[in-house]
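**Q** Got a structure for you, written out below as structure tokens; questions coming shortly.
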Amino acid sequence: MTATSTTTAAGHGDAPGDAPRFRYTAALAGSIEAKWQDFWELHGTFEAPNPVGALAPADGAVPADKLYLLDMFPYPSGKGLHVGHPLGYIGTDVLGRFARMTGRNVLHTIGYDAFGLPAEQYAVRTGTHPRVTTEENIARYRAQLRRLGFGHDQRRSVATTDPKFFRWTQWIFLQLFDAWYDEDAHRARPIAELVAEFQAGTRPTPDGRAWTDLSAAERDAVLTGHRLAYVDEAPVNWCPGLGTVLSNEEITADGKSEIGNFPVFRRNLRQWMMRITAYADRLLDDLDRLDWPDSVKSMQRNWIGRSTGAQVRFPIADADPDAALEVYTTRPDTLFGATYMVVAPEHPLVPAITAAAWPDGTDPRWTGGAATPAEAVAAYRLAASQKSELDRQENKEKTGVFTGASGVNPVNGARVPIFVADYVLMGYGTGAIMAVPAHDVRDHEFATVFGLPIVATVQAPSDHPADEAYTGAGAAINSANDEVSLDGLEVVEAKARITQWLQDKGFGFARKQYKLRDWLFSRQRYWGEPFPIVYDRAGIAHALPDALLPLQLPEVTDYAPQQLDPLDAESEPVPPLARATDWATVELDLGDGLQTYRRELNVMPQWAGSCWYELRYLDPTNDQTFCAPAVEQYWMGKRDGIAGDPGGVDLYVGGVEHAVLHLLYSRFWHKVLFDLGHVTSEEPFRRLFNQGYIQAYAYTDERGVYVPASEVVETSPGVFGFEGKPVGREYGKMGKSLNNVVTPDEMCEQFGADTFRMYEMNMGPLDTSRPWSTRDAVGSQRYLQRLWRSVVSEETGELTVVDDGPDAETAKLLHRTIDGVRADYEGMLYNTAIAKLNVMVNHLTKANVPVSREVAEALVLMTAPLAPHIAEELWQRLGHDASLAHGPFPQADPALLVEDLVELPIQVKGKVRSRIQVAADAAAADIEAAALADEKIVELLAGAAPRKVVVVPGKMVSIVP
RNA sequence: GCCCCCGUAGCCCAACCGGCAGAGGCAGGCCCCUUAAAAGGGUCCGAGUGUGGGUUCGAAUCCCACCGGGGGCACCA
């Protein structure tokens, strides 16, 4: 196939009836589309040059104006694509094609997030290696996507399962393993620099001994406490049903696994963790520098959950002077209103503080009916440990028991009773609180149930109900002791003053608190990246040397983690890699002579590959480094012209479901790479755009079974039937279970890829969800048919354009269209761009005269980003040898955009009463005079002088009589 | 319970910084082409912007309350 051949496949007789031979039918579209897809592939049309390296042009020259577009890459599932999946891909492709036509260097490709559970679970069932399944699925995705005519640089399409890819995932992991966070410098540094500081004595070891006096195991423990990737024995979410541990983010609100909905138990296990909490402040603060949807930013802020407050020490009454409870509060200004305290049931100090007997006069509601505090506390703790997360959530009534002990409020010496209650969580703050029922809703509920005193310390407005906690702003009251008074201060000043006082007296200090936890990074699975880590005899973890990367997965006969009872909380994880006994140990010389080492048997979670793939797209063939610095700088570097620009991908498009996890993890890894000097950008994704979802109707018969949605007909408005029987209609996601899937392949067969692309873009703005309706696609097909007919005869296939210029009206419309379409493409407002193209084509159709070549060419070029195949075909038929992929793109003539005369409405009392014609550039005074001279206006005013006349040039005139 | 987004024609959607409510598509009516049919051609039809207040010369647009839909968080001290 060459650029000069033209399609001859038209008129196969596959058009219905005896439609004209050269009509633009689905069959003709299909042959045109196959031809141009082959052409683009053969000519490498969409290969974007790099400034250096293997993908650089011979002379190394690349356009300064570049655009890096990124789609969230798919997991290649066995189900293939439905019409909802490509929506975002088409959106980025249209923008990329437009940008390429206007001369920019556009990087756009798509790869595969190919490690993951479905292929592994299929392997467990069938014995098929996950690699085989994964490769088949990728091949199917590639074929489906190719049919849609994307302008992807195929050389850059990577898969996370490719050893050439995960070699660098492992390398980045080792960067994290070999780095620590310097709190003073606010950045990560190589671990070797930390060791040097310990050795030189410029940084004290935790227990003050000299570094050289520490044993190897002790040194390792110190370093483990600093590494950004580290092993820790920590409470984790153990899911026996999946045979693996899960991160907090992979668990639903009711305590089940997001995948499979199995029960999850809290267990202490040794696991790999990522110290993402070290970056909490930067991950939060840098959100302000990103061009992201507010909803996503707010979800990330919420997830990081930074709060500022104070940690306060409450001594235990009648006990050892050293005995105290530390509490965290965001409202230190309400300390004078603290009338009791609560510790979480799991708090380690509970046994120590629990009193031997109930104090005299203990309220019977506080004892839980037990004879001693110890019995009451033990019973309550047991009950709490057996409560599932779900129970806790459903039953929010406040419960608890008194410990018999009291704390001493440091601001006024008041004795405050200490309770154990499960509304306080061990995992947040210190696991203990001071309770201020007057100003905290939860404390108020508890105090009401248990009859505890409520002391107001913030003046509530007079209309605030007396029986509710007041959590708003106001002046402090009842808040003074001999040394400090908050009375009269607003909340912010009161917090500052009391915190300073606490600090001066040694009772407490200001403290920040986060909801974000370190990221649990290991999984007991097979189909993931192996850790490039081995353990010596002492159990110390060592990095594999770079020369031994990639570390490949061993072959195993059974991919299942282990058959476990989903309800057995005490079972132990046994990863599948443990079965590869030959692989699990290895002889290595890591500097201490040849030794036997055990390999790490866990694998990385699915997030690992997606944390950095956008960098590998940039330099996919580089085997010296994950991405050459000059290449990263060119595509993702910070822009000089934008204040505070953090750099990153120019546009990242994907679903909002990745708002927290993927996007937070990627940002974390990117910042580490930035700190270590491997990238120049501080953020991976400068601009983020969430595309909407395509939803679909589903229909159920009288048994509640989903019937094929494609065969349902609307028998009368709002009434639907299938095989003559009425069915009920539902609305939701497109999916096999709802029997309402439509695939892009079907759309290509029925209409062609160009019509399909155009229809998806015509349904509405890219960021809104919309209902799928196959039959509505004919509107887009009609547009393309009219465009085709404006250039080519349906009867003969001959060109019909003429060389004469267009008439004045057509020329004006053309340039207005060019102007509007350009602006719409730049703003990704494809639905309105299509509307303008429709106006133009409808105008030509109506005129019913041969179309001027100038107009036809402009229209073809403007349609090209949306419907690239038909545009290339028409461009070629119009006599152009080169592809239009790199332009030109029409330019509007400013002279044709201005109108000489405009019609302005005249409002009287806000209602349009008349219209006048004035010169477009008429002065306001002239317009006012013309308006007041208008017959109908004169009549309405009846001689009275108007009180006010508002003239908005070019828009309207408003008269107030 | 708290936070965010959205309600415009039968349906999907336009309307810039408040300035004539309609660009486009689907469906529908009528006509033409056609032996016939339709996913061909032409033409016509359409709502006063969820409801109620307010600000303004002027509100789909800004403010308040409510109703309806979607999403996020959920005892985080």
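Any Cβ shown, glycine's included, is placed from N, Cα and C.
As listed in TrEMBL for this protein:
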BINDING   A:Lys736  ATP binding site
DOMAIN    A:73-176  domain 'Methionyl/Leucyl tRNA synthetase'
DOMAIN    A:301-502  domain 'Leucyl-tRNA synthetase editing'
DOMAIN    A:812-923  domain 'Methionyl/Valyl/Leucyl/Isoleucyl-tRNA synthetase anticodon-binding'
MOTIF     A:733-737  motif ''KMSKS' region'
**Q** For the domain 'Leucyl-tRNA synthetase editing' (A:301-502), provide the mean pLDDT of the predicted model.
**A** 90
**Q** Which bits of the chain, at least 6 residues beyond where the motif ''KMSKS' region' (A:733-737) starts or stops, bring a Cβ under 8 A of a Cβ in it?
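**A** Sequence-distant neighbours of the motif ''KMSKS' region' (A:733-737): 79, 82-84, 693-696, 706, 772.
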**Q** Enumerate same-chain residues with a sequence separation of six or more from A:Lys736 (ATP binding site) and a Cβ-Cβ distance below 8 A; give 'none' if the list is empty.
**A** A:Lys79
**Q** Pull the DSSP breakdown for the motif ''KMSKS' region' (A:733-737) and write it out as helix, strand, coil residue counts.
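**A** The breakdown for the motif ''KMSKS' region' (A:733-737) reads 2 helix, 1 strand, 2 coil.
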**Q** What does DSSP give as the helix, strand and coil breakdown of the domain 'Methionyl/Leucyl tRNA synthetase' (A:73-176)?
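**A** Per DSSP, the residues of the domain 'Methionyl/Leucyl tRNA synthetase' (A:73-176) fall into 60 helix, 5 strand, 39 coil.
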